[in-house]
């Protein structure tokens, strides 16, 4: 079963570099916690930095533990790390303004039609774009493919089953998970089954200083 650890942080500075450092450190803190909880692996922060490698597209992995698949995302005072026994991708965003050019570049025709039918250009409906966008990002991160990937080659479809919103992917190998977190972030995961459920673990990390 995929397991997601997530936490919010309070910025200690308005500096972009300081915020980036906090996000990085919180992501690694969640990675350390998950490795300990789920796999009984203990690293110091320095040992983790040395153990982590990145592939040609920048996806981090642990070469000494190929059985452990994980992925990290962070944005707007949130960080999250997901674990699975197969390749997995995660993304989170806080809904806000988005340019039309991003819609044209990222969404398939059916997804554009979906946005139009939900009046997603209105501020109160912008979350629909970010629901799709985070799924696209999670899909790309799951496969570890590059930024030049044509995001319109695959698409997502929402359905409402007995009052519960569910999402499916045009790639039949992919299962999707999506949730709204407490502070308004949309978090999405793309992974391979067969487990249809995902465990969500909220962690307390209010203040994470840069190392």
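Including glycine, each Cβ sits where the backbone N, Cα and C put it.
In TrEMBL this protein carries:
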type	residues	note
DOMAIN	87-188	domain '4'-phosphopantetheinyl transferase'
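DSSP states for the domain '4'-phosphopantetheinyl transferase' (87-188), grouped as helix (H, G, I), strand (E, B) and coil, give 39 helix, 28 strand, 35 coil.
Averaged across the domain '4'-phosphopantetheinyl transferase' (87-188), pLDDT in this predicted model comes to 91.
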